[in-house]
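Enquirer: A single structure is presented below for examination.
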């Protein structure tokens, strides 16, 4: 039985979340709390497997409570977030502090979305409960070094704000010669923001190809996510726009609620941003991105699947590999949820399985050979 503590100042939200969770026979809400202080007391008392945590609360807010949880009794935490720019920024900060993921707070609307939210909530709680200490499994490991390297140092752009992420980019090693890839496509879901930041912040400003990322996120979150990454990375990061050219040294985040695809028109690489197909399970979809990269560039495409629930990306990687592309998967031990990477590993499609600390180096290696 998975034990959960629900922390929220709204009586409606406490009841709604508890009701949704306990519809799953494998989940028990052992306590609820009205603010961060009460939440810490209940966590100490019940030692839950998972905590759901509101952000805006009296007496002690969610970010303060989260800091205490991660320092004193680290465990998987799901933030309960409003789908606003402010809510997105606070939630992204929470994930930097150690929260695993978030769930939307707009549960009062009577619609079919409630059924999906309920199922997603239950699945997230069950998946992350297996990771007792979020982020702590990201163990340091020596970077992969190809033979006869030439150093390429990642230095922050002048406009980039100083940060621990930017200052830890270090030196990536690359073999000589020209790149053999023209795009890096990344698919990621639960646990993704810290993983994506770890990878992108270690790439050099003169990274030779464009990077396109399909991160499962609502529309209100992808813009702030791109802006936050742009402030801590040497490469430029922005939200993808329909029709824009794919440029070297730049990463493009697919807008929430839309798909992003790579198009190749006589060697001119552009991005297509569209809500179609409407029936896709995820928007953005890693499948749509990976398939488009493979079809557009064949063996000059690189697909990377990072932490996430489910198997989004599997069908797209199949196409990418059929066209001669290269595929990397994040390792089980460094994933928050080993779902999406597991799908391509189990299918025999991953050329390499890589710890998250080594992923930037692995991407650099694959781009050059």
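Cβ atoms here come from the backbone N, Cα and C positions, even for glycine.
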Enquirer: If you look at how Swiss-Prot annotates this chain, which of 58-96, 97-135, 136-174 comes out as region 'Disordered'?
Expert: 136-174
Enquirer: List, in sequence order, the same-chain residues at least six positions removed whose CB sits under 8 Å from that of residue 54 (4-aspartylphosphate)?
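Expert: Listed in sequence order, they are 7, 8, 9, 10, 13, 62, 79, 80, 105.
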Enquirer: Rounded to a whole angstrom, what is the C-alpha distance between residue 189 (active site) and residue 216 (active site)?
Expert: 5
Enquirer: Please report how many Å separate the Cα atom of residue 312 (active site) from that of residue 216 (active site), as a whole number.
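Expert: With the alpha carbons as reference points, the distance is 10 Å.
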